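Engineer: Below: one structure in structure tokens.
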Amino acid sequence: MEKLTRVFERYQEYVRTSPAAASHLESTVRALSYLIAGRFSDSHEISELVYSASNLLVLLNDGILRKNLSRTLPMSISQQKLLTWLSVLEYVEVFVEMAAAKMWGDAGRWLVIVLIQIAKAVLRCLLLFWYKSGIQTSPPIIPLDRDSQLCSQDNNEEEDDEDSSFVGQRSGRVVRPLGSAPSLQSRLWGLPRKKKVSRNQEEELHSSPTPLGLQETIAESLYIARPLLHLASLGICGKRSWKPWILSGLLEITSFSLLSDMKALNRRERAEMRRRAFLLLYYLLRSPFYDRYSETKILFLLRFLADYVPGVGLVARPLMEYLPIWQKIYFYNWG
């Protein structure tokens, strides 16, 4: 156990001192997940495992960097833990579904799906009603904007040097005294840089969730309950019935309509509302609508583009092969 602790401490130090290398590692792991897909048997499961690992790696590294930059999330420790667990569930849900189907068959797969959706609904209800977290975002913990954060840290470290410079009264030139100059190797041959603070960064760090009234709370509750109601409808009416598709769509549209009346949203909440509006288009790709109407048209369009538009085939043909697999995964479609 002590050995694992030392290894983790070394890894934390590595991330703190080399954030660019950590980002490169995350990108490499994610690219590896794309390269694995379709290469051999069970490649889709392994590809999804690697992709989930890349997301968890980003979550871990962001947590390390936030501590190093003193950029803690504006909430209690218990709320942060709930958000972290919710993020982990969202990152691994597809792989867990695929693994359950492989190990325990269709019955085990649906049991795992129901358990994950119940766990997510419980966590979101706690965040909504106990912690008053407002509109739930996805992912629950927004990834750290490392470029702006690290740039802000560099500017803070140079603040003393900036204070020691002065501006000539007549010429208006910014002059740095010789005593405050850095070493020759790290010297910059330009004007001292001014401290820049990103408005978006400050808003993201310090803005509190927009308080929800009764109407908005009902709307968000509908959004949280939608997956469970959809699963219950699937169990009662069957996979080929239109009723689960219609019920889910009505709940999502109702929730979105009630929330769209809110005006004073912060930046993250506005982004979440745009994401939810875009995800309404997913109903064109969800069965039974996809099976009866969308499938033939989408495949025809992809085949036409692959045959007649140079270069598009590199993307269109793998997409045509992957669409049937994508349709079989619940969390790809309905998660």
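Any Cβ shown, glycine's included, is placed from N, Cα and C.
Per Swiss-Prot, compositional bias 'Acidic residues' is recorded for 155-164. According to Swiss-Prot, the feature region 'Required for peroxisomal location' maps to 66-81, an assignment based on similarity to another entry. Residues or ranges marked as region 'Disordered' by Swiss-Prot: 146-168. Per Swiss-Prot, the feature topological domain 'Cytoplasmic' maps to 1-80, 131-335; the stated evidence is sequence analysis. Positions annotated as topological domain 'Peroxisomal' by Swiss-Prot, on the basis of sequence analysis: 102-109. Residues or ranges marked as transmembrane segment by Swiss-Prot on the basis of sequence analysis: 81-101, 110-130.
Buried or exposed, and what's around them? Tell me for each listed feature.
Structural biologist: The average pLDDT for the topological domain 'Cytoplasmic' (1-80) in the predicted structure is 87.
Using a Cβ-Cβ cut-off under 8 Å and counting only residues 6 or more beyond its ends in the same chain, the topological domain 'Peroxisomal' (102-109) has close neighbours at 42, 45, 330.
Outside the transmembrane segment (110-130) by six or more residues, the chain places 79, 82-83, 85-86, 89-90, 93, 96-97, 100, 104, 136, 212, 217, 220-221, 224-225, 227-228, 231, 330-331 with a CB less than 8 A from a CB of the stretch.
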Engineer: Under 8 Å between C-beta atoms and at least six residues away from its ends: which parts of the chain pack against the transmembrane segment (81-101)?
Structural biologist: 44-45, 48-49, 51-52, 55-56, 59, 63, 73, 75, 108-109, 111-113, 116, 119-120, 123-124, 126-127, 131, 138-141, 329-332, 335
Engineer: Summarise the topological domain 'Cytoplasmic' (1-80) by DSSP state, stating how many residues are helix, strand and coil.
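Structural biologist: Counting residues by DSSP class gives 65 helix, 0 strand, 15 coil.
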